[in-house]
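A.B. asks: Got a structure here, written out as structure tokens. Questions coming.
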Amino acid sequence: MALISLRQLLDHAGEFGYGVPAFNVNNLEQIHAIMEAAEETDSPVILQASAGARKYAGEAYLRHMVLAAAETHPDIPIVLHQDHGSSPAVCQASIRSGFTSVMMDGSLREDMKTPSDYDYNVDVTRRVCEMAHAVGVSVEGELGCLGSLETGQAGEEDGVGAAGTLSHDMMLTDPAQARDFVARTGVDALAIAIGTSHGAYKFSRKPTGDILAIDRIREIHEQIPDTHLVMHGSSSVPQEWLEIIRQYGGDIKETYGVPVEEILRGIKTGVRKVNIDTDIRLAMTGAIRKSLAEDRSEFDPRKALLAAKKGARSVVKLRFEAFGCAGQASKIKPIAMEQLAQWYR
């Protein structure tokens, strides 16, 4: 199946009331794991590449691995999404490279560490929407800074994360401002700030309403019911994988992620895209540590990497099933990018 746009996939998810996990990918094993789980569950896929992933693997390598995935799994719709673009120029390069969706993160300045002002965010996001929509490519924007309501820290992943201590107002998207932002930019999807953060260390305890503002999602959705909402920093940090890592020599302190049941509350009130990275990293790291420890004479890295792929696949499958994605892939008929470009006009 040809690659599809984020807008088409999230429109389908909105119509049928499910959420789509968006998995960050860096290598072959991760893409294999995601596609195998998608095939098993008949789920559509969002494969997204951060700046760190593009630097690590090379954009051309990532693009061709995703094209290979589309060729190998012709019945699975795939969105190729650029995560956290730092400027219109970065987004333009990704569009030219074949990405079907880009994120312009104007909540931060181009250094991806300095919080921006509202007018800057509107300006750069609007410019990307005009450019992307002209060729049928979808755009995700961000309003508010990702950060922990518990600590005031943004967390950092692949070089993205506001520096310093943030105020609660900065870390919570304002619903009325969200309405204005969407009207002025034309984004297809909006990443919102509700107290989640990048990385494994999100919360020091199982999150409750004082540090995870799930109820804010409903307030935002009521203001922009036709714009798809996105949760970033939404790995659940499975405790079983933390225990395996520790059991086989890892040193990870106590930490908690976003519970799946809280994500499901978000999906019921307008969240359609859920970004997940850390969960796959934990599963792969735990599986590799276990594999190497159980056979110390093994020197073929493929054995450990196969174990890593199996671990990642188990996490991905659980998310597809939990979010209501399973069984949806075969219902989606691709819309050509040229046709979408006409629709945007």
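Yeah, the Cβs are placed from backbone N, Cα and C, and that goes for glycine too.
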A.B. asks: Gly233, Ser234, Ser235, Asn275, Ile276, Asp277, Thr278 bind dihydroxyacetone phosphate in Swiss-Prot, but which of Gly186, Gly199, Gly324 does that record place at the same site?
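C.D. replies: Swiss-Prot lists Gly233, Ser234, Ser235, Asn275, Ile276, Asp277, Thr278 binding dihydroxyacetone phosphate, and from Gly186, Gly199, Gly324 it also lists Gly199.
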A.B. asks: According to Swiss-Prot, His84, His198 bind Zn(2+) 1; so which of His32, His133, His228, His232 is the extra one listed there?
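C.D. replies: When Swiss-Prot describes the Zn(2+) 1 site, the candidate it includes is His232.
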A.B. asks: Should Thr278 (dihydroxyacetone phosphate binding site) be counted as helix, strand, or coil on the basis of DSSP?
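C.D. replies: SS state of Thr278 (dihydroxyacetone phosphate binding site) = helix.
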A.B. asks: 10 Å Cβ neighbour count around Asp105 (Zn(2+) 2 binding site)?
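C.D. replies: Cβ-Cβ neighbours of Asp105 (Zn(2+) 2 binding site) within 10 Å number 27.
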A.B. asks: Check the binding-site residues Ser50, His198, Gly199, Asp277, Thr278 for other C-beta atoms within 10 angstroms of each C-beta and report the one with the most.
C.D. replies: Asp277
A.B. asks: So of His84, His232, which of the binding-site residues has the fewest other Cβ atoms within 10 Å around its own Cβ?
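C.D. replies: Each of the binding-site residues His84, His232 was scored by Cβ atoms within 10 Å; lowest is His232.
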